[in-house]
Amino acid sequence: LSCYLGYKHSQTCPPGENVCFVKTWCDAFCSTRGERIVMGCAATCPTAKSGVHIACCSTDNCNIYTKWGSGR
């Protein structure tokens, strides 16, 4: 499985990590810089905390941050 780690940057996931994710949230600079974004591989879909959005998927490079487009 390959997942995006950032804009147009994809990497093969380590063994046992079969889920891609995109985690977004706002911090103090959200109004000027936009959402904070973490992308990557995981063994299971991370648990979202209040104010954090997480999207998970399980096909190659499926963890697209929609505001960037496909990244391809």
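Each residue, glycine too, has its Cβ placed from N, Cα and C.
Note that this is a predicted model, so its numbers are computed, not measured.
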Disulfide-bonded cysteine for Cys45 as listed in Swiss-Prot, from Cys56, Cys57: Cys56
Listed disulfide-bonded residues among Cys3, Cys20, Cys26 whose Cα sits within 10 Å of Cys13 (disulfide bond): Cys3, Cys20
Rounded Cα separation (Å) that holds between Cys62 (disulfide bond) and Cys20 (disulfide bond): 7
Spatially closest candidate among Cys3, Cys20, Cys26, Cys30, the listed disulfide-bonded residues, to Cys45 (disulfide bond) (Cα to Cα): Cys20
CB contacts for Cys62 (disulfide bond) [other CB atoms within 10 A, all chains]: 17
